[in-house]
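A.B. asks: This is the structure I want to talk about, given as structure tokens.
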Amino acid sequence: MKELKIDAKDMDYRELNEKIHEVLDENKDLEKLVLENVLGQRFIGNGVSRKDLTIIVNGVPGGDLGMFMKGPKVVVNGNADHAPGNTMDEGFVVIHGSSGDVTGHSMRGGKVYVQGNVGYRSGIHMKEYKYKFPVLVIGGAAKDFLGEYMAGGIILNFNMDKEDTENIEGRMIATGIHGGVIYIRGIVESSQLGIAADIKDFTEEDIEKITPYIEEFCAEFGYSNEIKEKLINSKYTKIAPISSRPFQKLYTPDLR
Amino acid sequence: MIPSTVPPKYKVFVDPERCMLCERCTTECSWGVYRRQGNKILTYPNRCGACLRCASLCPRDAITVTLNQSCGREHPVWTPEVKQDVVTQAKSGCILLSGMGNAKEYPIYFDKIVLDACQVTNPSIDPLREPMELRTYVGKKPEKLEFDYVEEEIDGKKVKKAKLKTKIAPNLKLDTPIMIGHMSYGALSLNSHKAMAKAVKECGTFMGTGEGGLHRDLYGYSDNIITQVASGRFGVNSEYLNKGAAIEIKIGQGAKPGIGGHLPGEKVSAEVSMTRMIPQGSDAISPAPHHDIYSIEDLAQLIRSLKEATRWKMPVFVKISAVHNVSAIANGIATSDADAVVIDGFKGGTGAAPKVFRDNVGIPIEVAIAAVDDRLREQGNRHKISIIASGGIRNSADVFKSIALGADAVYIGTAAMVAMGCTVCGRCYTGQCAWGIATQKPELVKRLEVDDAARRVANLIHAWTHEIQELLGAAGINSIESLRGNRDRLRGVGLSEIELNTLGIKQAGM
């Protein structure tokens, strides 16, 4: 496996990102790129269009990690700042820690897995189109407005620090949702939902749908089989849109 | 269904003496105003929006559409339109939608500004003989130029040669200061987009994609395309961003400041869904704010992330609507790595806006340009950012006055649509445009002939460009650069002192 390393110590974000582009341009067969001493540099992986490439981030990346990215897998050994996976096209972002607000913002494909918690408005405006299907998996808790304006894809929220019989925190969940689906482990009251969202029955079919993601999540973060089984056999609240056209009736049908 | 209590706004008359019952009106009207019954054409005027497709294409000129005057008692306050709106909302309990730009009679400052011309002391220039420089560069300009001097040997002699040391930021090169603003594919038909793309290519200028992504059929025009990134991020991926010559972040729109966009599901056809990358028939909702922008610093981050995605090779614009604190916002934008600020005035058009917004929110573009130009100069930031004015630019004089007030270039929207055949009926939001411009219905889209529409738009831009050259010559100026912010070339007529001060121009006679 061809592997290269960049030491990001004292590098400005532009310097680091340009260096990444240069290394990738010069090494078309590169399979693994390790970034050491990352400390708040933004836009890592921005617009990188490469399959079969893994970028290891050792440290804490800045905002918009993997924005517009198409293809690579990014593994963060640390927390991430806001909006990892912003408008991501394809690829896989794995965060061994927590991430900030708007995680997975407008993601249109690929996957973002966060081991810990995520901030406000995560999964906002995720959307899908045919083969493009975004997936956001959150191990810990999510702040308010999860899945706001969601238009496609899937959000899985495990709340691993709690039992599935407990009420979760969070307000205005899925406000304006008009596509996609959210599964939250634990109890969600309908008063916690935003406009246009609805609680649906969690069925066998849903368990089948989420099981592969649970398995992948546990494999990525090294969770035991016991935990995996516990997650698969937990109770989830399924949240989906009332309609794909939530605001249709807001406007007068009369011709003016 | 609650019945309406007001008569139709328009009266539709088919002259039986002239009508030959060809039934063309029944097929041309996409609103269903006409139906043949026996030897008569029946009309349903309550469906008519006065788009005039029927009257324009009736082979016998048998159709007239007039304002219906029989709407009861005349009243200066409770006009037929006011009553109609109340009744419509009383029926439905819903927000009124509308298309196109502000339809109220606010003062048009452009029409109260006159241009200066040279006579004897400062002679005018004849643009037919002399070159007139209309080339415009949109983007950051360096504060000063620095050179390195390198000694070179040429023909045995040592010569000191200057080499530019200053790095020039990427700029857009325009042959004329007129661009076509952002109207999305989805709001407009693909044929409209193709026509505009052909026209701007011919004229050496640019058109915006709007927020609906870029259809593959337009990839060949990427040198003349400005891609847009709005809060919905429709069709945005790195391929799209790199398919344009510049990127525009849409924060606001003149026709509806402070609110988002909303393309109704009926307009999301298979092709639109592919371009926007959302399921067919689903609403395309662009929320009011960008979810990752809650401050100027956040905006700066989005600008930089777009620059990263395009390796800092493209200028990035930020479009805001003209509102009272526009100059402070524009100044913030100037300090955030943006290359141009687009200011959209309240007469700017739209595919769909709540009527209350279209007609009441925002400020005129004329005062916004003046205020922004003033503030940027005061802060020493004018070179850091270009100003593009849009929203209600109707003719070459408006372009000229905008530039003299401080803009670098303008966007036109409605004018380009009118060139293609739009009659400003204002029903774009229904998706039923009978002229094939603001619709996705295949049978209507094909009514717009691409080459013909492209010719008309290109002719319009050429004509205005010639007129601007003439106006420049008359003002004794041979370059558009010398007109920019040159408000001494303008005089106000019929404006109050405070209006003159805000616009930064003198009263006529002074």
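Glycine is treated like the rest: Cβ placed from N, Cα and C.
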A.B. asks: Quick one: which of B:C48, B:C51, B:C58 does TrEMBL put in the [4Fe-4S] cluster 1 site with B:C19, B:C22, B:C25?
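C.D. replies: It is B:C58, as the record lists it for that site.
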A.B. asks: From B:C29, B:C94, grab the residue that TrEMBL records in the same [4Fe-4S] cluster 2 site as B:C48, B:C51, B:C54.
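C.D. replies: So the [4Fe-4S] cluster 2 site in TrEMBL includes B:C48, B:C51, B:C54 plus, from the candidates B:C29, B:C94, B:C29.
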A.B. asks: Tell me which residues of the chain lie with their Cβ under 8 angstroms from that of B:C54 ([4Fe-4S] cluster 2 binding site), as long as they are six or more apart in sequence?
C.D. replies: B:V12, B:R24, B:C25, B:E28, B:C29, B:V33, B:Y34, B:I63, B:V65
A.B. asks: For a three-state summary based on DSSP, what are the helix, strand and coil counts in the domain '4Fe-4S ferredoxin-type' (B:40-68)?
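C.D. replies: The composition, in the requested order, is 8 helix, 9 strand, 12 coil.
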A.B. asks: Go through the chain and flag residues at least 6 beyond the ends of the domain '4Fe-4S ferredoxin-type' (B:10-39) whose CB is under 8 A from any CB in it; none is fine as an answer.
C.D. replies: 45, 47-51, 53-54, 57-70, 432-434, 439, 441, 444
A.B. asks: Tell me the Cβ contacts of B:C22 ([4Fe-4S] cluster 1 binding site) under 8 Å, same chain only and six or more apart in sequence, or just say none.
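C.D. replies: Those within reach of B:C22 ([4Fe-4S] cluster 1 binding site), by Cβ under 8 Å and sequence separation of 6 or more, are B:P59, B:R60.
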A.B. asks: What residue among the binding-site residues B:C19, B:C29, B:C58 has the most other CB atoms lying within 10 A of its CB?
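C.D. replies: For the binding-site residues B:C19, B:C29, B:C58, the Cβ with the most other Cβ atoms within 10 Å is B:C29.
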A.B. asks: Mean pLDDT over the domain '4Fe-4S ferredoxin-type' (B:10-39): what is the value?
C.D. replies: 96
A.B. asks: Compute the centroid of the Cβ atoms of B:C29, B:C48, B:C51, B:C54, then list the same-chain residues not in that set whose Cβ lies within 8 Å of it, in sequence order, for the [4Fe-4S] cluster 2 site.
C.D. replies: B:V12, B:C25, B:E28, B:S30, B:W31, B:V33, B:Y34, B:G49, B:A50, B:L52, B:R53, B:A55, B:V65, B:A434
